[in-house]
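S.K.: So Swiss-Prot says this about it:
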{"type": "BINDING", "residues": "Cys310, Cys313, Cys378, Cys381", "note": "Zn(2+) binding site"}
{"type": "BINDING", "residues": "His365, Trp367, Trp373", "note": "(S)-thalidomide binding site"}
{"type": "COMPBIAS", "residues": "11-22", "note": "compositional bias 'Acidic residues'"}
{"type": "DOMAIN", "residues": "68-306", "note": "domain 'Lon N-terminal'"}
{"type": "DOMAIN", "residues": "305-413", "note": "domain 'CULT'"}
{"type": "MOD_RES", "residues": "Ser12", "note": "phosphoserine"}
{"type": "REGION", "residues": "1-30", "note": "region 'Disordered'"}
Amino acid sequence: MGNHLPLLPAESEEEDEMEVEDQDSKEAKKPNIINFDTSLPTSHTYLGADMEEFHGRTLHDDDSCQVIPVLPQVMMILIPGQTLPLQLFHPQEVSMVRNLIQKDRTFAVLAYSNIQEREAQFGTTAEIYAYREEQDFGIEIVKVKAIGRQRFKVLELRTQSDGIQQAKVQILPECVLPSTMSAVQLESLNKCQIFPPKPVSREDQCSYKWWQKYQKRKFHCANLTSWPRWLYSLYDAETLMDRIKKQLREWDENLKDDSLPSNPIDFSYRVAACLPIDDVLRIQLLKIGSAIQRLRCELDIMNKCTSLCCKQCQETEITTKNEIFSLSLCGPMAAYVNPHGYVHETLTVYKACNLNLIGRPSTEHSWFPGYAWTVAQCKICASHIGWKFTATKKDMSPQKFWGLTRSALLPTIPDTEDELSPDKVILCL
């Protein structure tokens, strides 16, 4: 069964395979109220509720060399902090995971820019934090929830006699840059500086006014240089995070600052994991070793790449950035695994176009409990784009939305916004 074969209901009849053009999206509107429990998708309840959970974490020293086993069937560019659900059937993989559970529970996920690529240069360590074994018709199945930990550079790949790949990797460090004003400020006064936390809301007028004054004073030392204040703000982590948060609030109006990481490194990875970009751009983000540089690149992508097209057709627009909304605590996009073991990073949008629906709605193995899914294909090339989700109860909101798989989407710059062609996207690196 191919990796891109969509999940279909178990009882498929000939009449269920009918292909119809979707008409609902033409009248679709952004839901004003969402009463869906956004914690359900992140818990991956479709894997089962009785998974054995592990605590603690395994972190390797920066620049250290490690030998880590590789899960070969995971064709995904994992971002640190991103959750990776897995269903493993092959005896080799089942045996490998069992051994990992007895050790440090860490395996390597290699970052391939495409399926044809034979050797990966970068990747991410993944640590198992939930585990379950079961049997289905005599076949042993392992269900796993893992989380990305650290970036690495691949030094060597070798295959053992049992067929398991071992990767010798170098753990990549995170470069923490000093404040943009550090070069012109007196070091003796650094300990006297006050960095107030940003107020959660504007209701606390006193704190908010103090915050505004702090923001104005933040770059006052720029007057001592030949460069303007705004130039320094372009490389200030706090300023970059605020600009990205404004973009994220367009996807989730109820987004709260305390639900996002306050650390620039963790925040940059959180944003990278929910950006609907192709593998080429994602590997570029994974290679970057500085949170500030990563944030600048992410903000550039969010501002420029406002259209999402079919990756196969390249010119057939499926949706736009304005249609994205969040239905999960992780944000508008997260990774889910289907019963065949294939992982789909799925983006939620409330409107999509140029799609045909295949078959009838099914609630089997639904990633969003309470919603039935229908396979969606590109109207032009018939490639699998994702699913249409429809509510099974009338009191649920939203009543319908789309889940688009990231691997089928190509981020592009609309011609009206930029003269560059999609294959000449210049990112702020």
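Using N, Cα and C of the backbone, Cβ positions are placed for all residues, glycine too.
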S.K.: Of the binding-site residues listed here (His365, Trp367, Trp373), which is spatially closest to Cys310 (Zn(2+) binding site) when Cα positions are compared?
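M.R.: For Cys310 (Zn(2+) binding site), the closest Cα among His365, Trp367, Trp373 is found at Trp373.
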S.K.: Among the binding-site residues listed here (His365, Trp367, Trp373), which has the Cα closest to the Cα of Cys313 (Zn(2+) binding site)?
M.R.: Trp373
S.K.: Across the whole of the domain 'Lon N-terminal' (68-306), what does the mean pLDDT come to? Round it, please.
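M.R.: Averaged over the domain 'Lon N-terminal' (68-306), per-residue pLDDT gives 84.
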S.K.: Excluding Cys310, Cys313, Cys378, Cys381, please set out which residues of the same chain place their CB within 8 Å of the center of the CB atoms of the Zn(2+) site, keeping sequence order.
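M.R.: Those within range, site residues removed, are Cys309, Lys311, Gln312, Gln314, Thr316, Asn354, Lys379, Ile380, Ala382, Ser383, Ile385.
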S.K.: For the C-alpha pair, I'd like the distance in angstrom between Cys381 (Zn(2+) binding site) and His365 ((S)-thalidomide binding site), rounded off.
M.R.: 27
S.K.: Measure the Cβ-based neighbour count of Cys313 (Zn(2+) binding site), defined as the other Cβ atoms within 10 Å of its Cβ.
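M.R.: For Cys313 (Zn(2+) binding site), the count of other Cβ atoms within 10 Å is 16.
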S.K.: Far apart in sequence but close in space: which same-chain residues, 6 or more away, have a Cβ under 8 Å from Cys378 (Zn(2+) binding site)?
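M.R.: Long-range Cβ contacts: Cys310, Gln312, Cys313, Thr316, Ile318, Asn354, Leu355, Asn356, Ile385, Ala408.
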